[in-house]
Each structure stands twice: as C-alpha cells, then as structure tokens.
C-alpha cells in the first residue's frame, strides 16, 4: 500500500489482461486521430498547469469559489491569446478547465444567438466585440415564473416610434429574468427575450441585445436590477456560475438592437417578415441538442471510469457461507469488480457510455445533413430530425444523471466523499435533464410526432429517417422472434428487429388507444405517461440501431477493438430488454423463454468484458485532473491518497476545533446552565 | 403575487377540495394521538426558536457550519435540561433540529452499544457519564479499507496479561478507522471494534471502550491520531458532522474496557463465553433497521410534500397544439399538478410514503415481538425477522433516495436551488443506502434466506411470518388471476394474490436455476443479480400486504380517511405492477390485457387522488422550518420568497463582485497580457 517514490500502478495487472489495443480504441472513442490528438494535447496542457487545479474548490466559500472561477477564466483567455490557439483548441481548453463559468454562456449562447438571429449588419457590429471579449454576453430567456416555456414569458419590449427605441420592462415579479448563467455578476450585455409590442399589438417573443452594466465601472445601468439567485445543488459544481436575476424598469434601447434576421421592425413600428425561413431556428436546436448528447457520453464515461477503476482496486472478503468467522484470515480478498451484482450494474453503464458516444457522433452528421437541406430550402426531414434530437436529448441525459448516482453507489461509502469526484459530477450534471427542454416534455413531443406518423401511414406517407421502420409496420406487427438459444441473441439483425417490433407495436397500440377518445387532445393529455413510454422505446431503438451501424463501418484497431464494441453493443441491447421486459413481453416482441435466454447471454457477455473493463475505460483517455477523483485515479493508489486528502479539510487546521471552549467544554463540565448560547 | 401584510394561503382552494378530515389523517400518520401531539408540540417549539434556524447553513463554510452545529447541539441540550424534557421529548427535539451532529452517534450508537454489549458493571460505570454527557462517545467500526464488512477489520486489540491491559493498534494504513460520525473533532470516547488477540490467538471482532481525548483540554491522548475525513456530498447536509479518521499506535486500555457481556477475557487472558445468547445482536439489528425504515418514510414524505405543494402552485401554459403562438394571451394557465405525466410520477410517491409509514409501524411491532421471544429463549422467528428487516431496509431506502431526486425533478429548474430544500435532503439522505448494510448486499441476504426456505419446503418445514405464503406455493404456482375489468383491480385479495404469485414463482424459478449448478455457492455468485430481483419482489409483497392489513384495522377519521388510504394502497400496488411488468408477465401472474386494465385503473385512481393531494401531504404535519423549502412552504407563496432569498447570497453583498478589478476589467479592456494571473 506504499505510495513510495517510484511509479506505482496498482492496475497494471488489469491493464495487461486487455484483449485489444487500447491506443486504437482511444482513437475510436475520440472520433478520429485528429480529435484524439487535439484532446490529448489540450487536456495535458490544462492538467499540467497548477493555475487550473480544481481539487480545492469543494472547500471554498461561495465568494472564494466565484472569484477563483473569474481568475481561471481570465487566465484561460490569457493563455488562449499567448498560445495563439485556434477556435477549436480554445474550445477544448475551456472544456478541460472543467468549471462552469460565464464564458460558457458567452461563447455557447450569446455569440450563437447573434450569429443565428442577427442581421448581417448586427453581426458585423457585435461579433467582433464579443470575439475579443470587449463585451461579455449572456442569454436571458427564462423567468422566475416561467421555465423553458417561451410562450409564458412576460417581459415586454414596447416600440416607441417617437424616440426610435424599444422599452424593455418587467411588468411583474414573476417576469424577472431568472437562471441565466453569467448574468448575476459578470455579463455586460445580454440577449433578452421579450414580447414585442408595436402600436399596441403583440408580435410574439423576440431577442434584443441589451447592455446591462457600464463598461467603465461595471455598475448596472439605470433601470436595471441584477443579482445572483443563490446557492445551487452540490459542492463546487454550478456554484462557480453566477446564475442571475434581472429586472427592467422601462429600460430603453435603440431599435437596431432587436435581432432582426427573421422579423424587422421599421422605424414606423411596422413588422416586416424577412425571407429567411423561420425553420432556421430548428437547425440551431438540432445543433444544441447534439452537443448535449455528446456531453452526456462524456459525463457518463467519466463516472463509469471512476467506478470501474475503483471496483478493481477495492477488495472485499468473499462471504463464503458455511465457513465460520474464525477462519477469516484464510478467506480470499475478492476484487469487487468480480462480483456479478457489481458487473450487472457497472458493465451496462460502460456499454451505455459507448452507445451514447456513437449516437452523438451520428447526430453530428445529422446536423450537417439538416443544415445542407435548409440551405437548399428542403424542410422535409426537419420534423423527424427535430423529434429525433429531442428524444435523444431526453433519453441520454436522464440515463446519464441516474448513472452517475449509480456509479457513486457502486463505489460504496467512499463515493459519498467529495474527493471521489462523483458528488460534484452528479450535481453539475443534473441540470441537463431540465435545460433545453424538460425531459418529460421532450418525450411527449416525440410521442406526438410518432402518433402523427402512425396516423399518416394509411395515406401512404412514407416515414423517413429514424422512423423509417414504421413504414414496415405490417411486417413488424406479425414478426415473431426466432431466438431459440442464448447465442441467437448475438445476431445484430435479431436485436434490431426485436427493438423495432417493440417500438412499432407500442406506437400502434397507443395510437389505437388514442383513437378511443372522442377528442384527441384530451386523449393525449389523459394518456401522456403511457405515450411517453412509446417515445422511450423509439429512442432506445435509435441508439441500438446507430451502435449496430457503427459496427458495420470500418473501425481502426482490427478485430480486437471490434469484438469489444460488439460485446458492448450486445450488452447495451440485452440489458435494455431486461430492464424494459414488460414492454417486450406485453407487445409479444419476445417470449418469457427468450427473455430468460437473453439474460443468460448477458451474463456470459459480462464475463467476456471483465478482463477488458479497465482498458475500456482507459480508452476514454481522461487525465487524473479531468477525472477529479481519488477513487478513479489512473494508478489505482487510492487509500494513501484518500488519507492524505482528508487532512486538507479546513476543520483539520486545528486539533481542537473552533467552538470547543464555548460549546463542548461547558457540556462536558456540566456548565451549560450558565452558558450564553 | 403580493406577499402583503395579511395572511395569504395560495393553497386554500386546494385545501377546501379535500374529501376527508385532514386532522384525523394527521393522527393516522403520526401513529396515535399521543404521537401526534408530541410531534406537533416539539416541532413547533423548535420551529419558533430562532436559535434553530437552518436556512443559512448552505452558505456557510465548513468551519462556520461545524461550529454552528456545535452551538445548536449545546443549546438543544441546555433546553432539554431547562424544560426537563423526557427522553422521548428530547429525542423528538433532536430530530426536529434536523441537522446531523455528533449527538446522533452518542445517543444512537455509543449508548446502545454499551447497553447491549456491556456487562452490568460496565453499564453502571459508563451509562451515567454518557447520559449526563460528561463524556461524548462515538462508534468506531468501519475502516479505510473495509466498509460494513466486519470480517475485514484489521485493527487489533492484543491482551497483555503483564499489565492487565489491551493494546489497541492500527497495523496498516487501511486499518485506520474511517467514517465514524462524531469522531473527527468531538468525541472523548469511542466504542472501537478490533480483532481480539490473546496469547497469540485470534478470537473474532469485539468492542472496546477507548478514551480518545483528554477531558481537560480535548487534546488527543498519546498514540492517537484523529482528524476529520473531509467534505461530503452536498451543501450543508452531512458536512455538519465530523466523520473522522483514527489511528492507534499501541494505545493501552484497562482490561475492563472490553465490552464483555457475551465474551469475557480473564486476567490470565482466557476467553470465557457468557450464557447470554449471541442472537441478542440480531435483536439490535432489527431495532436499528426498523428506525431506518421509519426515517425513509419521513424523508420521502418530506420530499413529496414539497413537490406536491409546488406542483399545485406552479402554472404552465397548456401546449394546445394547433393554437398558434399569436393567441398565447388567451391560453389558460394550468396547474402543473393537473398534468397526467406529473400525477403519474408524483402520486405513486405519496402512496409510497404512506406505504412505508405503515410497514415501519408494523416493524415496530415486530421488534417488540422478537424481543419478547428472545427473552423467552425462542429464536425460531429470528432468521425470518432478520431477512425481513434487511429487505425492507434495502427496499425503502433505495426507493426513498431515488424518490427525493425524482421530486427535485418534478419541481423543474427551481428544484436545483438550495432554497428548494431538495438538494440538501437528497445529499443528507443517500448514505442510508450504504450504512447498516449496503442495499445490494442486504438483498442477497434476503435472497439466500428465500432460497433456503424454498429448498426446505419438500421436507415439510412451514415457512413463518412474511414468508408464510411460500407454504402455499403449489396453489400459487397454479393461480390464475381473474381480473376481467379495471374495477377488479380494486379488490385487495386480488392484488395480494397477484403479488404472492409473482414472488413465489420468481423464488421457485430462481431455486430451479440454482439447482442446475453443480456447486450451489458458484450458482449463487453467478445468479446473484437475478436472485436480488426475487428478493425485491418478496419485499414489495411485504409492503403491499402490510398496507392491506392496515386497511383492515380500525382507523380513526371514518370512511373519508379510509377511502383515501384505500386509493393510495391501490396506487402503490398497481404502480408496482406497471414498473415491474416484466416480472408479472414473465411469471404469468397476470396477462398483458390485465396489465393494461391495471393501467387504466391507475389513471382513474390518480383522478380520485387529485383533489385530495394537498391535504394528503398536509397530513404529515410538517412545519415550514422542518420542511426547509421555499417551494414547499405551507402558504404556497413561492415566488416572492424565492426572490427575497436570492438576495441573501454572499455574492450579492456587493453589486460589483470581488475579482472585477483583477480579472474582468483587464479582459474587457484587453489588458490581460500584462496582468499578473
């Protein structure tokens, strides 16, 4: 257990067991050799720079924490300039700094909003300022009383033709902007979403560039009240971000600060639609959700890397029944990763990390495809692409949030320590289930699209993209799964058809049930929970099918790498059958006997993955800095590091704690009665 | 939205809708009129005393937080003495202070350990000191390398007959005591678990009373190294507790500080078993787990109270498809609680809270029963009682942990704010899944017991208690569920038999599969995940059956109260059928058609619960202080309170944040190059 002077690797044995080339798998995981090298180089750059250390942030007070984030952001920007990093490299650097900050919103929301919704002149004016960070912007949409539901926004932007200005106003308490990151303490500007009113008429919700703070002394401009909305879930985590509250008291901005790419307001107050298609906004949505799915695979892989490594480090006495406690010294210490209960929880999560990685890669392609079609004024695939990304966002973020917590539990008691990294990872990740569309609301959007698709089948309308299988619904309703022994479950086309049959039958079944309601909207409301289940089935099918497609492509690393991915793909699919058995059985997609065979096959796959488990998570190529977990450290030298880390807690600054004289001593000495408390 | 001067109750309408007497339900929830009055009186006492305020703790640094906990504990003790509270009242007061502290371990583990494992003389010596808090004790069992697995402990207690002392020693880094609450900074004494060695021989793990710190100046005694193990999950939460690390360097204690109720060591170093039955320890386990189940229902009910009230406050625009955005002002604002997706997630949790409350009440009875039998030297029901409590501990804590997080999600984005109370509730609750037996390990113990029970059936051995249904296994294997329409699912005997059939068939099926392995231990290891599923089915049956039994008893409050409980019982059961449909279908306990009818019935039950939802959570009788949630406040006046709370964050102490001059301004002014960062 010595941490000694030399290089230790407590997991070296595990690494030598791998049956594939981990370096090749790193490239597969990264997406390409270019992506691998970029990530590798930048992550090491960040990890080796003490200015970016992050192990101390869970002990900081809110103020210290926030100031530290400001320091890191400024330092990162300085390094980006000094090293003349490209935009791609700069993005990676910010990513590996791994600390939510106002820059996320500036680069990820403010700049894209101006690019997407600003006219050419507006872009020419504002983008250079933003690109040089001479202004810092955020994205002010949600309000205290209204979440992602844009329809509910109450902030108004009333055009005043007398002065050629908009008057931005918060008419109620609930109309206060609430949640925007970077707003509370940092941003000088915001894209503010408000109801456009001209000549007493409402014209929907639009974006306006509003300066919030003076560029001289950072004080809020007249009529503007801003603050931070307070502590959020977890230690460190999102408390590095100044999510803000913002109220407007009749704040005036020039007319040309309304983002007018789609709708223009003339100086007479007339609204004029431009010839830019409104559907463009969906392209942006596809883009944003694609990045969220990519983030899901990263967060999940990170948690699973920690849990897998620690499961190989941690040992427990086998509870050999029958042997009595007197013999304990003779009992073998088992690695926890050798327990089937551990494997059955852990390995499907490794598989899910890879599955989400590949479906995220495919979404990147989808975005390119959608963009090209939009440019050619082809909107035919948009609804399907929109539903598909909504569903995948919902599925992957929900699974990932739960999986991080599951990984924490898989680490036993020590997972509860901040030094395990898992509490912070959970706390920082869970908002993904809510932002950019609440996950349940998104599933209902998918369900609505599926019901529409099914309803249009009789008219001969061919479903496209990920819903194409619904075009074979007659075949799928009659399909009988032919699995007769466990090995049959290794056939990808069997898996695919079983998932298609399940999803198709659930859709048809829901559509029929909907049909029994006189009013379809009422039926939809009444059956919504039931409909969401069909949407989940559809989304799981997408993930499974994209994983299978990936396996049909050329993959570097030869058969070794491919075999691992095949195992993971099968684990992903068979585990879902196990978890959602009710769906598969109630639709008759498989029989109880076949389900039992799937389970047998799953256990056998776990045994095949076992020797490769550590290498499979090594392939994520995460530095110890990025992982931020003692339990997950590369060398597996967990216990000495945990012990060392404990002493850094501020409570250990003194042997006798502050408060002893006032509170503990009087208690022990029975002198409380006279104490002033 | 005014918070005004007068008393507002935004939920008054909701409360007037209730179809039962909420005051009577409060008594049912509390268990008796006495319990209700006690809880009501003490919770108000705590809530009305500003010394116990807790809304500020999420913003405190670790040191401030800890000192504040010391203050509260001392103050609480002072009040307990001043008000001459009974033990029952004092316990309630500590409970409503609602902040993990060293006193939990002192009263909950240290004192009971001495009571349970100390001889009469030892009790006479140590208990008065502990009862007066002239010493403060903790419970030092787990070690850095060894969790709840007592077999793995490495700390040694070697008897030295020369001096009539034990030498307590930590031979390795991993043998450091790790996790004990109250150890890090406060305790003067500990019950330390160590391997007893006399005359070079091992005699198993035993408890020893060890003084850790000087009673004069609180410094650790010679040979003792103690510290806090550092930050844990969440804001506030368990960071009020000084979970500690402890190493012994050959620390000597007198022989009479080994707890010798069961095993005595003579001054010659001989081990002598007393005539006290070793099974006594199981009685304690049943007791501790019973309290954990009671805690689960409290934590769950608290989360569900918050989510239910906020779901009635929060409104969203109905997404009426077809109506276009231009019409939004005309759209009705719906209460979120009226959405079926919300109901289908929320109402089963209300039902679970009640279900766990009643099964917890029954466990209290079971403990009394077990104790009486132990006193009469009747150990026949112990294994069953032990398995049953292990299983219920596992089931209720796992469900509760997930449910708190689900409640957080049900509150949308605002659930992520600490002021919602849910992040802290989650973080403070989740250790329950790990302590007193990891939940998965416990399920395997249950599974082992079930497999043994099934194996002994042919020999004619009658299963007792909660496994009695396995005595009717032949009938249950042939059982066919007779449900033909949705209302049939309201019959409690139908529900009971369906759950029995499912559990029995899963047990038999697993037993058969185990039989196909040449080595049963190997089979058990290989099938463990599969076996755990049978254990879950068994435990769910226990909860359902105890709920049904409760409904057969006299319940105060008449038909109104009873009807609500009947609805909740049905929701609890039917929701489980829906969630674990794979089990029910694969065992043939029900058909797919019957499952669909169960779903229809469930939706209809949701509509019946809807008008009663707020009253059902009011019945928990939680003060706003105890709930600790703005979203869950009794009067529903959420938004003004959220807004007010935000300004209290330390970041809002100044309008321009600390760090502006060093980091933000140089960035905006393009002067970073020269900045010293």
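Cβ from N, Cα, C; glycine included.
Unlike curated entries, TrEMBL annotations are predicted automatically.
The feature domain 'Acyl-coenzyme A oxidase N-terminal' is assigned by TrEMBL to A:21-136.
Feature annotation from TrEMBL assigns domain 'Acyl-CoA oxidase/dehydrogenase middle' to A:138-251.
In sequence order, A:100, A:102, A:104, A:105, A:138, A:139, A:241, A:242, A:243, A:244 are the residues of the chain that are 6 or more apart from residue A:181 (FAD binding site) and have a CB within less than 8 Å of its CB. The FAD binding site feature in TrEMBL is assigned to A:142, A:181.
The average pLDDT the prediction assigns to the domain 'Acyl-CoA oxidase C-alpha1' (A:282-451) is 90. Among the features that TrEMBL reports, domain 'Acyl-CoA oxidase C-alpha1' is placed at A:282-451.
The annotation active site, proton acceptor is assigned in TrEMBL to A:436. Look at residue A:436 (active site, proton acceptor): DSSP puts it in coil.
Residues or ranges marked as domain 'Acyl-CoA oxidase C-terminal' in TrEMBL: A:491-669.
Around residue A:142 (FAD binding site), the same-chain residues at least 6 positions away in sequence with a Cβ under 8 Å from its Cβ are A:148, A:177, A:178, A:179, A:180.
All protein chains shown were included, and the count of other CB atoms within 10 Å of the CB of residue A:436 (active site, proton acceptor) stands at 18. In the domain 'Acyl-CoA oxidase/dehydrogenase middle' (A:138-251), the DSSP tally of helix, strand and coil residues is 7 helix, 52 strand, 55 coil. Secondary structure of the domain 'Acyl-coenzyme A oxidase N-terminal' (A:21-136), assigned with DSSP and counted as helix (H, G, I), strand (E, B) and coil, comes to 90 helix, 0 strand, 26 coil.
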